[in-house]
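Here is the structure we will look at.
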Amino acid sequence: MHFSSSARAADENFDYLFKIILIGDSNVGKTCVVQHFKSGVYTETQQNTIGVDFTVRSLDIDGKKVKMQVWDTAGQERFRTITQSYYRSAHAAIIAYDLTRRSTFESIPHWIHEIEKYGAANVVIMLIGNKCDLWEKRHVLFEDACTLAEKYGLLAVLETSAKESKNIEEVFVLMAKELIARNSLHLYGESALNGLPLDSSPVLMAQGPSEKTHCTC
């Protein structure tokens, strides 16, 4: 497909550019989350990521064009050396776990340690509990995730479902707002969380028991 120089220039015109890495154990649904964010499409069967996959999408945040580079990393041990090299230039990290598999939640401290060891200082970290559509198979309480996030000083916890389009957009909008706020801290001195509607009106799961799916720390 051919793009004119003017089309390329328009695509390259942005106010902010942020690099975000998506990490976590294998088969927690990281690729499904990224694909849904990119195209709004959910694919039931996804092959495991080999090394690192790269996706770009621009968001309009309060009249500013924010280009989000999302790096979907493989969770398998044999790819760790490759994926660790991508930590260094990341502005933010999203750690994903599968709320139907307790072991993926228990791995979160390991992933936080990886970020602290290989990432830059002051990387913004968010936690997402994926597959919240499978609430009847839940093995991780939302309250446990909030407690862990508070312990490690993470930005927020959201429960997501790529299959049912729950909180996928909100994850990246919240992250973009926080990164903009931190980038402009010397001007505004406030966190993006101060003005986010989700804080005062938590998202509720439509199917199954009524539960909060978003908390900020």
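Each position is counted from 1, following the chain as shown.
Cβ atoms are placed via backbone N, Cα and C, with glycine included.
Predicted, not measured: the structure shown is a model, and the values here were computed from it.
Swiss-Prot annotations:
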type: BINDING; residues: Ser26, 28-32, 42-45, Thr49, Gly75, 130-131, Asp133, 161-163; note: GTP binding site
type: BINDING; residues: Thr31, Thr49, Asp72; note: Mg(2+) binding site
type: MOTIF; residues: 39-54; note: motif 'Switch 1'
type: MOTIF; residues: 74-89; note: motif 'Switch 2'
type: LIPID; residues: Cys215; note: S-geranylgeranyl cysteine
type: MOD_RES; residues: Cys217; note: cysteine methyl ester
type: LIPID; residues: Cys217; note: S-geranylgeranyl cysteine
Spatially closest candidate among Ser26, Lys30, Asn130, Ser161, the listed binding-site residues, to Asp72 (Mg(2+) binding site) (Cα to Cα):
Lys30
What is the average pLDDT across the motif 'Switch 2' (74-89)?
65
Quick check on the binding-site residues: of Ser26, Lys30, Thr31, Ser161, whose CB has the lowest count of neighbouring CB atoms inside 10 Å?
Ser26
Do you know which of the binding-site residues Asp72, Asn130 has the most other C-beta atoms within 10 angstroms of its C-beta?
Asn130
Report, in whole Å, the straight Cα-to-Cα distance of Thr31 (Mg(2+) binding site) from Asn130 (GTP binding site).
11
Using the alpha carbons only, what distance in Å do you get between Thr31 (Mg(2+) binding site) and Ser161 (GTP binding site) once rounded?
12
